[in-house]
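Here's the structure we're looking at; comments come further down.
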C-alpha cells in the first residue's frame with residue numbers, strides 16, 4: 001500500500017514522502033529543506049531511496065545536496081535524484097525528458113510512475129503521476145496555478161488541460177498551502193459558484209485547525225479552480241467585466257487564461 005505523508009517546510013511548502021509498506025525505503029518530492037526531511041527519516045527509522053524533483057526553484061531543490069551527503073554517509077549508497085533534463089538541476093543523476101521517457105519504475109514503490117511534461121511555471125517543469133496521486137509541484141494548486149516565470153500562457157494552459165483530463169478521483173499533491181488565498185480570488189471571479197462557496201467554508205475551518213487542505217482532487221479542481229474553467233461563461237463574463245471589454249464576441253480559452261493570470265498576478 002502506497003502511503004503519502006506531508007513534511008511541512010518554510011512558511012507554506014509541503015515535501016511529500018512516498019512509502020510502499022512494508023518497505024522502510026522512501027522517496028521524497030521537492031525537498032527544499034534537508035533538515036526537516038532528515039529529522040523525519042530518523043524519527044521514523046526510514047531510509048531515503050531517492051528524490052523526485054518537479055522543477056529547479058530553490059524552495060524545491062535546496063535540500064538535495066545535503067540529503068545526498070546524508071545518504072552517502074549513512075549507507076554508502078548513491079542517492080538517485082530524478083528531475084527534468086531541461087533544467088540542469090545540481091545533483092540530478094537521473095535526468096528525465098518526458099518527451100522521450102514517460103514512465104518510471106522505482107525500486108521499493110512497486111508501481112509505474114508516469115512523467116508528465118507540464119511547462120509554464122518554469123520551462124522544463126514536470127509532474128509525476130503514480131496510481132491515483134499526482135505530484136505537480138507549482139503547476140496546479142488548489143483553486144489556482146503557478147505564476148508564469150519562464151513559460152508562456154499557452155504552455156501553462158496546455159499543461160493544466162492535460163492535468164484536468166486525469167481521472168476525477170486523482171489526488172492532487174501540489175507543493176504549497178495557497179488554498180485560502182486562491183479561493184478568495186476564485187470567489188472574486190466566480191462569486192455565484194456554489195461549489196466554491198462551500199469549499200471556502202470547509203477550507204477555512206480546516207486551516208483554523210491547522211489542517212492541510214492538500215491533497216485536493218481533480219474532481220474538486222474542475223469544480224472550483226478558475227484556471228481549469230476558462231471556457232465557462234461565468235468566467236468569461238467576469239473577465240470581460242473586470243477588463244472593461246464590451247466586445248460581445250466570446251473570448252477564446254487562451255485569451256481568457258492569459259487575462260485571468262494577469263488579474264491574479266496583481267490581486
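Each Cβ is built from the backbone N, Cα and C atoms, and glycine gets one as well.
Record features (Swiss-Prot):
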BINDING   55, 57, 121, 138  Zn(2+) 1 binding site
BINDING   59, 60, 138, 176  Zn(2+) 2 binding site
Task = Let me know the most crowded of the binding-site residues, choosing from 59, 138 and counting other Cβ atoms within 10 Å.
result = 138
Note = Neighbour count check, CB within 10 A, over binding-site residues 57, 121; minimum at 57
Cβ-centroid neighbours of Zn(2+) 2 site 59, 60, 138, 176, 8 Å, sequence order = 13, 30, 32, 55, 57, 137, 175
Query = Hey, does DSSP put residue 176 (Zn(2+) 2 binding site) in a helix, a strand, or just coil?
reply = strand
Inquiry  = I need the CA-to-CA distance for residue 121 (Zn(2+) 1 binding site) versus residue 176 (Zn(2+) 2 binding site), whole Å please.
reply    = 14
Key: Subset of binding-site residues (55, 57, 138) lying within 10 A of residue 176 (Zn(2+) 2 binding site), CA to CA, in sequence order   = 138
Inquiry  = Residues other than 55, 57, 121, 138 within 8 Å, Cβ to Cβ centroid, of the Zn(2+) 1 site?
reply    = 54, 56, 60, 122, 125, 137, 139, 146, 149, 175
Key: Separation of alpha carbons, residue 59 (Zn(2+) 2 binding site) and residue 138 (Zn(2+) 1 binding site) (Å)   = 11
Query = When neighbour density is defined as the number of other C-beta atoms within 10 angstroms of a residue's C-beta, which of the binding-site residues 55, 176 has the lowest density?
reply = 176
Message = At a 10 Å cut-off from the C-beta of residue 60 (Zn(2+) 2 binding site), count the other C-beta atoms across all protein chains.
response = 25
Task = Look up residue 121 (Zn(2+) 1 binding site) in the DSSP assignment and reduce it to helix, strand or coil.
result = coil
